Amino acid sequence: MTAVTLVSAEVSPRRRLKVLASQEALLAIAVIGLAIAVGLYNPRFLAARNLSDVLLGNAYIAVAAVGMSIVIVSGNIDISVGALIGVLATISGTLAVNGAPIVVAWLAALVAGVVVMALQGVIIAYLRIPAIVVTLGMLSILKGGLISLTGGKWITDLPDSFHLADIELFGMLPFPVFLMIAVTILAALWMRYSASGRAIYAVGGNAEAARLCGISQPRTIVMVFALHGLFAGAAALLYATQLRVIQSTVPPNLELTIITASVVGGVSILGGVGTVVGSTLAAVLIAEIASALVFIDVSPYWIRAVQGVLILVTVIADILRRRRMAGA
Amino acid sequence: MSEIPLPQAAKRVMPWWLLRHETMLAVILLIALIGLGSMNSRFLTLDNLLNQGRLTTEVGLIALPMTFIIITGGIDLSVGSIVGLCAILLGYSWKVFGFPLPLAIGFSLFIGGVAGFLNGIVITRVKVPPLIMTIATLALYRGLAEGISQARSVRGYPEWFYFIGQDNLFGVPAQLWLLLIAIVVTAIVLDRTTFGRTLYAIGNNETAARFSGLPVDRVKLIIYTLSGLMAGLSACVLVSRVTTTRSDMGIGYELDVIAAVVLGGTSIFGGIGTIWGTVVGLAMIQLLKNGLALTGVKGDATIVVIGTVLILSTLVASSLQRRREGV
């Protein structure tokens with residue numbers, strides 16, 4: 001731990017920028033290269049309809065991955081987010097069906113997301129319980145609670161105005177894609193240029209140094225988790241409103257997809273390094289791979305194995321790169 | 001983790017406290033037994049208790065090596081996925097490759113060991129944190145199970161194979177013997193061997209253990225491999241009990257296993273823990289499930305309780321520890 005922290009402190013900002021830029025450039029190239037390669041094999045993959053379906057159907061993963069990236073940069077992890085998104089979607093849908101004003105139904109998901117995540121942040125930061133224990137416990141509380149309260153019943157007859165995902169801005173830009181881009185840019189700017197954003201890197205990079213600089217570690221962590229809850233709420237709304245029904249269950253292994261996007265996007269699992277632009281690109285790449293499997297006649301059942309390999313390769317590459325930089 | 005001051009290490013292995021923690025747990029367990037027994041007459045019968053032992057074996061076999069891993073300050077989240085992968089490979093190699101069943105069992109145990117070894121080798125050589133490594137393989141191993149099986153199940157095993165999962169030996173469920181042997185062996189290893197004491201040394205202060213010339217990496221490699229191997233064994237017992245193989249087997253096992261270990265007094269920060277604690281933790285989790293089921297609570301609600309128990313027991317343990325250390 002100590003050695004690694006020293007290394008990241010020694011790297012000059014410009015060099016770090018270059019390394020990160022290369023991760024993002026690499027992802028962008030991968031997204032385009034894969035599209036071309038699969039397109040050559042099966043031109044139907046490049047149909048506008050398919051590409052927009054891939055983006056629309058997975059924008060919520062990118063939005064949630066932005067929050068996850070912030071959490072990982074702060075040196076924590078959250079495996080409860082998939083279950084939380086299921087719960088928030090159900091809360092919002094239930095309110096909408098039972099005649100609550102649509103805005104209230106939307107806001108409820110955001111508020112509940114912030115409350116649950118902030119609570120976890122408090123337990124992690126002030127009671128000093130490792131994030132993995134707290135979020136593993138919360139995962140089962142949310143999952144079990146949701147299924148035993150709803151019995152996994154589908155929510156149907158949602159009012160038309162509830163469907164946030166149907167909105168098109170300027171007549172062409174679908175709202176989920178707009179939200180994905182807006183959230184990514186705002187979060188990237190905030191993390192890069194604001195004091196509270198920089199504090200997250202400080203806490204994740206070297207908690208003791210951050211403390212000596214007058215940054216409150218517990219407060220930063222609670223803030224990070226509250227924000228993550230907000231993004232989870234937004235992701236839940238996109239998830240809930242993209243279909244005509246809400247299945248009140250937990251989307252299986254959603255948290256793994258979200259963590260994969262963050263890690264593959266270049267967020268270092270050792271904390272202190274990473275940007276949300278990379279995580280959004282990675283979320284798009286993963287969605288693209290999942291769709292590509294179908295077009296190159298590979299069973300979609302392999303997608304999770306592909307995710308596992310992706311995490312493994314990125315994590316090992318990240319650690320080896322840091323080690324090489326430490327040696328140089 | 002790195003900010004924990006050194007002097008704690010010496011105090012941590014105070015035997016009286018360990019004793020007290022387990023006594024405390026045992027007393028709670030006893031009260032729970034009596035309480036549940038008085039609420040439901042079917043609960044406190046030998047038949048029911050033995051049957052609960054049968055049901056807890058699969059999680060129990062994994063919880064023993066997990067105790068080792070958590071004592072060193074590590075974690076293994078991939079165990080549930082290894083169970084899935086081994087179960088699929090057991091069925092697949094028997095049905096599709098045409099392996100004789102004993103060979104298929106050996107093959108599935110071998111793959112479990114390889115899966116654990118892969119975790120261990122990357123954790124020790126590349127220094128990937130165990131949490132991240134095993135999240136990655138949680139996805140990878142489950143993905144392999146799904147990819148290989150294409151979500152098809154395998155059933156129709158020969159009759160003798162069901163012995164271990166469904167029959168009794170000397171009046172006790174057959175797989176419970178496996179668990180008992182594993183408990184005794186791991187308890188002796190942890191308490192009475194250099195290997196076992198090395199685990200505590202790593203958990204208390206890994207750098208110091210390294211400088212003391214202890215084979216830290218080799219020991220870690222062994223325990224992660226053991227964890228995979230036991231998950232493979234657990235998969236065989238599970239398949240034998242439920243008579244079918246599916247790729248979603250073992251999902252969520254990591255929750256039960258970690259909850260049992262932590263409830264049993266093993267510190268999630270490393271350096272503290274016993275096999276006996278884990279055994280009591282296992283018993284409590286299983287009786288909790290059974291007791292809730294008998295009082296009419298559905299299965300999904302019991303995982304709410306287990307999640308809460310996991311968080312609360314960590315909270316209590318860490319606040320007790322902090323008070324003892326006067327922080």
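Cβ coordinates come from backbone N, Cα and C, glycine included.
According to TrEMBL, the transmembrane segment annotation covers A:25-42, A:54-72, A:79-97, A:103-124, A:131-149, A:169-191, A:221-242, A:254-273, A:280-296, A:302-320.
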Practice task
Using a Cβ-Cβ cut-off of under 8 Å, list the residues of the same chain that are 6+ residues beyond the ends of the transmembrane segment (A:79-97) and lie near it.
Solution key: 60, 64, 67-68, 104-106, 108-109, 112-113, 116-117, 120, 132, 135-136, 138-139, 142-143, 145-146, 150, 155, 157-159, 162, 228-229, 232-233, 235-237, 239-240, 246, 248-259
Exercise for the section: Sort out for me which stretch, of A:131-149, A:221-242, A:302-320, has the most Cβ pairs below 8 angstroms to the transmembrane segment (A:280-296). Expected result: A:302-320
Handout entry: Distant-in-sequence neighbours of the transmembrane segment (A:169-191), which means Cβ under 8 A and at least six residues beyond its ends
Key = 52, 55-56, 59-60, 62-63, 66, 70, 73, 197-198, 200-201, 231, 234, 238, 242, 275-277, 280
Handout entry: Region pair the transmembrane segment (A:103-124) / the transmembrane segment (A:221-242), three or more CB pairs under 8 Å
Key = yes
Practice task
For the transmembrane segment (A:54-72), could you work out the same-chain residues 6 or more beyond its ends whose Cβ comes under 8 Å from its Cβ atoms?
Solution key: 78, 81, 85, 131, 165, 174, 176-177, 179-180, 183-184, 187, 191, 200, 204, 224-225, 227-232, 234-236, 238-239, 242, 254, 257-259, 261-263, 265, 267-269, 271, 274-276, 278-280, 282-284, 286-288, 291
Handout entry: Cβ contacts under 8 Å made by the transmembrane segment (A:254-273) with residues that lie 6+ beyond its boundaries
Key = 1, 4-5, 8, 16, 20, 23-24, 27, 61-62, 64-65, 68-69, 72-83, 85-86, 139, 201-206, 279-283, 285-286, 304, 307, 310-311, 314-315, 318-319, 322
